[in-house]
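Encoded as structure tokens, the structure appears first; notes follow it.
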């Protein structure tokens, strides 16, 4: 049983902490992931202490040397945690004292774990956002490249899960790529709000010892210094925003996965997943299950739960730091790991997906050209509302006769409107249908080519300004 007096905070305590409480209170099992960020923060802070005259140059060098050795131990996997290590800060400071002795006790001068932990988190999440951005842009590039190659393939577009209009397969791919581009842009904006220095704020009131926060900012490469010490040490809106960002990104990935799951069924047979991203059944040997996509879809729910759970934690807190905020790190780590894995799996699925061109084209049907009948009449000078009504009557007539739209005779069509003539036969061509949507953003080939080019330009600019 550990003595409370031996803790970093143990001066006013006597006796020992209950072992169950000690385990309950400990966070080192997961916050050790921030070991590098914690060391970087301490390296910067001791330089600020030296500038303020609170440690000598010799003491600073001893501390920096000790921190370098701790960094090496963590890097090599030889750092040994003890039961007394409450968190990553305690562990690193304990080890520093073992290595260099008394000067280690000066490192925490004027610093609280309140500003230390939030500095660690901002450093860790800043780097993690860069990694997520890289995985996200790789997925987008995979999608754009695929769209460029398969631009001539047509298949049904759906609304309300009903066949709607013919579109290009590439148009569907790019619809998801564009949404992910916005996610990448949002991640860049989020990183700006993460990249604010809290170190030097103390526990609540600030730092009274002349620590140069601008020096800290430069050392740790933050964009700015926090404005208010109470806000700096207690606010976790940047974590909440990260969790929301992840929830929205996962929503987009879940929707894409749902589409592909449907398209991969025998009833649709538009796509086939690679064996590398599928599994089978323990009972039914014919099964090829889209587990990769189903897991992506399910992971969205996991991320939503982390986001809503953390917001519920925050909404009940009074001002400044409370131990409830220990919940922030597990949510942050879990969501990062989840989204990072999902993006990599999604890239693999998209890059190896096999498409059934014949199946896609076979699924196109004349009833999907009903809107084109209305457009035909509009081009003949008829108001759209009237044209829409008459195209509905064309559909009704075909259903009454039990035939497809394109099997109606010219006489049948003329019985509905005298504007129909021999050129109506062009309406029954699916390529003609998609090629009429030439306004920017449409599914005509020229428009889809433009989308590909624009996204490739975006990718190039994004690569040049990596967050």
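Quick reminder: no glycine exception, Cβ is built from N, Cα and C everywhere.
Swiss-Prot has this to say about the protein:
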type: ACT_SITE; residues: 160; note: active site, proton acceptor
type: ACT_SITE; residues: 281; note: active site, proton donor
type: BINDING; residues: 27, 114, 159, 289, 321, 326, 329; note: 2-(N(omega)-L-arginino)succinate binding site
type: SITE; residues: 294; note: site 'Increases basicity of active site His'
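Taking the C-alpha atom of residue 294 (site 'Increases basicity of active site His') as reference, the shortest distance to any of the binding-site residues 159, 321, 329 belongs to 159. Candidate binding-site residues: 27, 114, 159, 289, 326. Fewest other C-beta atoms within 10 angstroms, 159. DSSP classifies residue 159 (2-(N(omega)-L-arginino)succinate binding site) as strand under the three-state reduction. A separation of roughly 40 Å, to the nearest angstrom, links the Cα atoms of residue 329 (2-(N(omega)-L-arginino)succinate binding site) and the residue listed as 'active site, proton acceptor'. Considering only the binding-site residues 27, 289, 321, 326, residue 160 (active site, proton acceptor) has 289 as its nearest partner by CA-CA distance. Listed recorded positions: 160, 329. The one with the lowest count of other Cβ atoms within 10 Å of its Cβ is 160. Farthest C-alpha pair in the 2-(N(omega)-L-arginino)succinate-binding residues 27, 114, 159, 289, 321, 326, 329: 51 Å apart.
Listed in sequence order, the residues of the same chain lying 6 or more apart from residue 321 (2-(N(omega)-L-arginino)succinate binding site) and placing their CB within less than 8 Å of its CB are 114, 203, 204, 233, 234. The Cβ of residue 294 (site 'Increases basicity of active site His') has 14 other Cβ atoms within 10 Å, all protein chains considered.
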